[in-house]
Ligand SMILES: NC(=O)C1=CN([C@@H]2O[C@H](COP(=O)(O)OP(=O)(O)OC[C@H]3O[C@@H](n4cnc5c(N)ncnc54)[C@H](OP(=O)(O)O)[C@@H]3O)[C@@H](O)[C@H]2O)C=CC1
Ligand SMILES: CC(C)=CCC[C@@H](C)[C@H]1CC=C2C3=C(CC[C@@]21C)[C@@]1(C)CC[C@H](O)C(C)(C)[C@@H]1CC3
């Protein structure tokens, strides 16, 4: 269907040219990281030691395993949920319904993997398949995004995302045209954002830990820390699954290549980089240093969870006793903005906590290589860019009230620095 006439959202990521470059650059970066982590020098910058041939990338076994994984996660999504939550109000004043059973899917997956391993499933063989698995995940992301792009052609205008209706096919393919593409109750974006990629990330980490135990007799302390921290992060995301319904990915961004590739390929294969690095480059880690790193992760998690929960509680019910005493600014929309508590410290305290955790995930890998710090560098860039996008949207939404908030809380992410 033709997009609506009238003012359009400004183009992001450098417009169609930037989007075309990212279509190639994102998969290329992912493969570079996978190859670098398994090479001796493990260089983040500079060419990989060798380029794999097609025979190293294409494997029918990997394709079958990948499709079985997607099928399993889709089946778990369709199981009865403990709760069905309503999303934010849409342009046509309706609200979509979402099953809240992500944590259940994580637990059931763990049980199934546990059963499989006790029946002889060679989990330690998974690290050898990362390259062909990443390849089929990338292919799936391209094909799936094409399907999403075509599906959006017949979607009603009210179902399109504000950013994905530029009319340029490459840009719209990259950013995503439809806001919440679904077939019946199956919501593709919500499913992809929290299930196959996030749970796949934990499974890859676990397989790397098992492989390390096979190679060296037992997993290293560094590998335990990376696995533990990232399991906590994924478990937390699924436990607080409902909170994703108010993030900009769900409420504002279309579902196109960026999120499809990000969710199902980028997250499992690049977010597991520290564990991949540790398998080939073991790092000594003493108890005092490990304790200090645990403390850093705990501080990051405390800020991340505290800030996210405070905002979610406030948005759900401003008179909840946990947030009722906080200072607020009224806005013309009828919604209020918090100006004390976590949201009075900086304008994105949740990003600050997330970044502190990202540092704690890299520190167990030592300081001899830059490669394991890739996540911290990429994530800083992602959150700075995301923060700028969110500020633009909030200024548009709240006008003078947002300017007043910025005056009262002048720092964006890091107090007194940024
Ligand atoms: N690991 C990863 O790869 C990634 C993790 N994340 C994490 O996801 C989480 C969610 O992030 P994201 O969706 O970007 O954004 P936020 O959760 O920070 O949400 C931003 C929205 O919060 C509301 N808000 C802003 N300021 C206030 C205030 N003072 N009082 C009340 N409401 C306010 C506004 O929406 P409104 O007023 O409409 O409610 C604003 O649009 C973060 O913890 C982030 O770190 C994000 C991206 C990637
Ligand atoms: C470079 C590239 C491919 C960009 C795509 C970005 C995506 C990888 C991220 C956009 C927002 C995300 C969120 C999470 C994972 C990464 C992506 C998909 C998230 C699910 C991680 C767990 C958190 O607790 C969260 C639920 C808050 C978070 C939501 C946003």
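Residue numbers in this text run from 1 along the chain shown.
Keep in mind that glycine also has a Cβ here, set from the backbone N, Cα and C atoms.
Of the listed segments 100-123, 172-195, 196-219, TrEMBL assigns transmembrane segment to 100-123. Which of 5-24, 25-44, 225-244, 285-304 counts as transmembrane segment depends on TrEMBL, and there it is 285-304. When TrEMBL is compared with the stretches 129-149, 150-170, the one noted as transmembrane segment is 129-149. Record note: among 325-354, 355-384, 355-384 is the stretch given as transmembrane segment by TrEMBL. Distant neighbours of the transmembrane segment (129-149): 27, 30-31, 34-35, 52, 56-59, 61-63, 65-66, 70, 169, 172-173, 176-178, 181, 188, 204, 255-257, 260-261, 264-265, 268-269, 276; these residues of the same chain sit at least 6 beyond its ends, with a Cβ under 8 Å from one of its Cβ atoms. Here the listed stretches are 60-79, 100-123, 254-273, and the one with the most C-beta pairs under 8 angstroms to the transmembrane segment (355-384) is 254-273.
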